[in-house]
Amino acid sequence: MAMIINGRELANEIDGQTKIEVEKLSHEGLIPHLVVILVGEDEASQIYVRNKHKRAESLGIKSTIIRMPVNSSEEELLIKISDLNKDKDVHAILVQLPLPEQINEQRIIEAISPNKDADGFSPINVGKLSSGETYHLPIACTPMGIMEMFKKYSIDLDGKNAVVVGRSNIVGKPMANLLLNENATVTIAHSHTKNITNIIKQADILVVATGIAHFIKKDQVKIGATVIDVGMDRDENGKLTGDVDFEGVKSIASFITPVPKGVGPMTISMLMKQTVNLAKWSI
Ligand SMILES: Nc1nc(=O)c2c([nH]1)NC[C@@H]1CN(c3ccc(C(=O)N[C@@H](CCC(=O)O)C(=O)O)cc3)C=[N+]21
Ligand SMILES: [Mg+2]
């Protein structure tokens, strides 16, 4: 029976350290400041943004939410970002995704200063990660949170077969780079991959980010594998569930993350930590 990785608990532990760090910086006159831009009124996005705001405030981080109407133009958003890039009081900028369809997401991401890139999505920072450079580098928060889980549970990556299912810029690609930097043998599988079941079965470390509820079943998973579920799906009753059939897979894995209380809370903790780091690196 697998050990269940408690993301909620680890997130609280990391938040405790972040809070102490914020107190120290505040005494020195530096109050880390995160600005989140929310365009439109998507229900899920509103909840995420509110959660980030609450977490920031509980840690003493200054948090500002900028709300823009759903029909905002790309130009309007670019002007807002340009203002924030210049504002010395702002250390971290996050534009909540997804954006309305009239706005090109990549163009927006590229406009955020790499030095204020709360998400680690800027091409400069993505390039550094891919080059194995980590000095003062903001990194995508979800994969970072997963790396913290490996560290906390002493899960060795060196020489292991790691399979990342999903190739998004937000999770799959940065995850693969982080695993590669730790000497794992990394395969990225996705919707066009042939014989995906055979590839998944080889994984000592399996990270699943497909957005398909219960995509991974027990019979596809190697005995003793570590299974990380990035899914945030809804089951037939509307309940939050993951990309992994947790009940089945936990009987053969050695470590597994639940949904909720797995990867999700860690993502927010990493965002808070990254905001503090960006503030520190700014001076
Ligand atoms: N620029 C940008 N950066 C992001 O990091 C970003 C984004 N846009 N857009 C949306 C996704 C999604 N995301 C989540 C973070 C935490 C939880 C989380 O804490 N989930 C809880 C449960 C929450 C619930 O009950 O609904 C958990 O898994 O236990 C979920 C989802 C960040 N995202
Ligand atoms: Mg979760």
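Placed from the backbone N, Cα and C atoms, the Cβ positions cover glycine too.
Taken from TrEMBL as is:
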DOMAIN    5-119  domain 'Tetrahydrofolate dehydrogenase/cyclohydrolase catalytic'
DOMAIN    140-280  domain 'Tetrahydrofolate dehydrogenase/cyclohydrolase NAD(P)-binding'
BINDING   G166, R167, S168  NADP(+) binding site
Checklist entry - Near the Cβ of R167 (NADP(+) binding site), how many other Cβ atoms are there if near means within 10 Å? => result 17
Next on the checklist: When secondary structure is assigned with DSSP, how many helix, strand and coil residues does the domain 'Tetrahydrofolate dehydrogenase/cyclohydrolase NAD(P)-binding' (140-280) contain?
Outcome noted: 53 helix, 26 strand, 62 coil
Checklist outcome for this item: Secondary structure of the domain 'Tetrahydrofolate dehydrogenase/cyclohydrolase catalytic' (5-119) by DSSP, residue by residue, totals 60 helix, 19 strand, 36 coil
Checklist entry - What residues, ordered by sequence, lie under 8 A Cβ-to-Cβ from G166 (NADP(+) binding site) and sit at least six positions away in the same chain? => result G172, I188, H190, V207, V208, A209, T210, G211, V230
Checklist entry - Taking the Cβ of S168 (NADP(+) binding site) as reference, which residues of that chain separated by at least 6 in sequence fall under 8 Å from it? => result A209
Next on the checklist: For the NADP(+) site (G166, R167, S168), what does the 8 A shell look like? I mean other same-chain residues with CB within 8 A of the CB centroid.
Outcome noted: V164, V165, N169, I170, V171, G172, K173, I188, H190, A209, T210
